[in-house]
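J.: I'd like to ask you about the structure that follows.
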Amino acid sequence: MTLKALAQSLGITLKYLFSKPVTVPYPDAPVALKPRFHGRHVLTRHPNGLEKCIGCSLCAAACPAYAIYVEPAENDPENPVSAGERYAKVYEINMLRCIFCGLCEEACPTGAIVLGYDFEMADYEYSDLIYGKEDMLVDVVGTKPQRREAKMTGKPVKPGYVVPYVRPELEGFKAPTKGGEK
Amino acid sequence: MNPYPLDPYWMVALKALLVVVGLLTAFAFMTLIERRLLARFQIRLGPNRVGPFGLLQPVADAIKSIFKEDLVVERADKVLFVLAPLIGVVFALLAFGAIPFGPPGSFFGYQPWVLNLDLGLLYLFAVSEMAIYGIFLAGWASGSKYSLLGSLRSSASLISYELGLGMALLSPVLLVGSLNLNDIVNWQKEHGWLILYAFPAFLLYAIAALAEAARTPFDLPEAEQELVGGYHTEYSSIKWALFQMTEYIHFITASALIPTLFLGGWTMPILEVPYLWMFLKIAFFLFLFIWIRATWFRLRYDQLLRFGWGFLFPVALVWFLVTALVVALDLPRSYLLYLSLIAFLVLLGAVMYGPKSTRKPAPKGLSKGGGA
């Protein structure tokens, strides 16, 4: 401890006084997420609109938390749902069990399941935390409670985050972007 | 005879009320300002939820502290337990009235001070010293060993620093030849600020004032890591808030006294506006003390006492003797100007060219971590 060190330390804190705070007033301002944030899962589609998921259940096998349940069914050749022989008739993820590790994404042979950005999933009932296909396909905006609130208030879903860019694996997923281009 | 006009009693009472209300409001908002500033120093946002910019936070805090459960410890001395925070607050409030805020007659034709005592400085000392009774009685009456340890420690440090404080103030008093705060300000208006004549005394006084207000490098009463809560461990609710109030009022008073004694009070060589400069100077010192709190560490108890007795007191004594010599031999006062300049340059040199760290570099080859 010397006078010089004391004076220098005052300079350091003064510098911080005039710098922008790192904290975010979260519900009022969006959280800045990294592009590879592990949030709510997104079931992506091919550019022609067919689902990528072929119902192989490899994600369920890879899942360390046993959070995924897949029930496959044969595609109707005239009117296919997915690009393969089969598609996922039921695709459910229990968000209470999910640990957002991303191993399902690693295991997926077609790149159908990708971890997105939504994280505001807190809800009141266990049953509401089991997300089905209708909650996770790319066109869906927001989480279950967010969409419920949007329906009640009549306002669009307000996501609590921004990302610098949406990573390409999340094909077609709309997310608020700000700053930084890929 | 007293050269300063006297006010009618009703005016004095009104001004006293104004000072009390003003100080309590200032205390409430200082807590907010301090928390906001500390947050910004730590790159946070700070409390901003209650009202615009968090401006209603003090109101929320007040409501909370009033309606919290007011515990009185079984083994406490009931009377003293209630009396102690009151003593603290009352004597903290008393001190502020002696500080002049402008020239005579500038307060709507009345005087911009509550008290104008010939022994103004002595009065301030007596009153601020009484605050130790609040602290000590609080620790004693709590019937708890942590409170007692905390209060002993606080009163020991306060008394030690009071010596340095008083000694540092003797040199300006010798130069001015009066204890009256108005005289001191007027002298500075005529001859230039006392910081120019007594730079070391100013520095020592500022340091001792930090200790007196129990602010960061010397905030041992607050050392909750060691003392649970210090002397107010057993206090809760409004009584605890009263201690907090005492501390902040001391803080504000100290920030008002430093400019009054050393920086010309309400006077300013250029653009003289009676109240503005005083408030700006107070604000500057409040900011400085918060800045220091955001930056520096707390001294250990033995370091605190060693610094007080081993450095502050002797240096103050030497400077007092130098000033006394100049005054007694009737030497030109400009000698003090030169000596102050030398002291300032020595300090500047230590800050600019001093060694960066006294800590020895760690010997190579030792494994990282796990060191003492």
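Glycine is treated like the rest: Cβ placed from N, Cα and C.
According to TrEMBL, the record shows the following:
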type	residues	note
BINDING	A:C53, A:C56, A:C59, A:C108	[4Fe-4S] cluster 1 binding site
BINDING	A:C63, A:C98, A:C101, A:C104	[4Fe-4S] cluster 2 binding site
DOMAIN	A:43-73	domain '4Fe-4S ferredoxin-type'
DOMAIN	A:89-118	domain '4Fe-4S ferredoxin-type'
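Help me see these features in their spatial surroundings.
T.: Taking Cβ-Cβ distances under 8 Å and a sequence gap of 6 or more within the same chain, the neighbours of A:C108 ([4Fe-4S] cluster 1 binding site) are A:C53, A:L58, A:C59.
Under the DSSP three-state reduction, A:C98 ([4Fe-4S] cluster 2 binding site) is assigned to coil, being neither helix nor strand.
A Cβ distance under 8 Å defines the sequence-distant neighbours of the domain '4Fe-4S ferredoxin-type' (A:43-73), meaning residues of its chain 6+ beyond its ends; these are 80-95, 97-99, 101, 103-114, 133, 136-138, 169-173.
Here the domain '4Fe-4S ferredoxin-type' (A:89-118) has a mean pLDDT of 93 out of 100.
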J.: Counting only other Cβ atoms and using a 10 Å cut-off, which of the binding-site residues A:C53, A:C56, A:C59, A:C63 scores lowest?
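T.: Output over binding-site residues A:C53, A:C56, A:C59, A:C63: least Cβ neighbours within 10 Å is A:C56.
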J.: Let me know how many other Cβ atoms fall within 10 Å of the Cβ of A:C101 ([4Fe-4S] cluster 2 binding site).
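T.: By my count, 15.
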J.: Translate the DSSP assignment of A:C59 ([4Fe-4S] cluster 1 binding site) into the three-state scheme.
T.: helix
J.: Take the Cβ of A:C104 ([4Fe-4S] cluster 2 binding site) and count every other Cβ within 10 Å, whichever protein chain it belongs to.
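T.: Total other Cβ atoms inside 10 Å, all chains included: 24.
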J.: Report the same-chain neighbours of A:C98 ([4Fe-4S] cluster 2 binding site): residues 6+ apart in sequence with Cβ closer than 8 Å to its Cβ, ordered by sequence.
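T.: In sequence order, the residues whose Cβ lies under 8 Å from that of A:C98 ([4Fe-4S] cluster 2 binding site) (at least 6 apart) are A:H41, A:C63, A:A65, A:A67.
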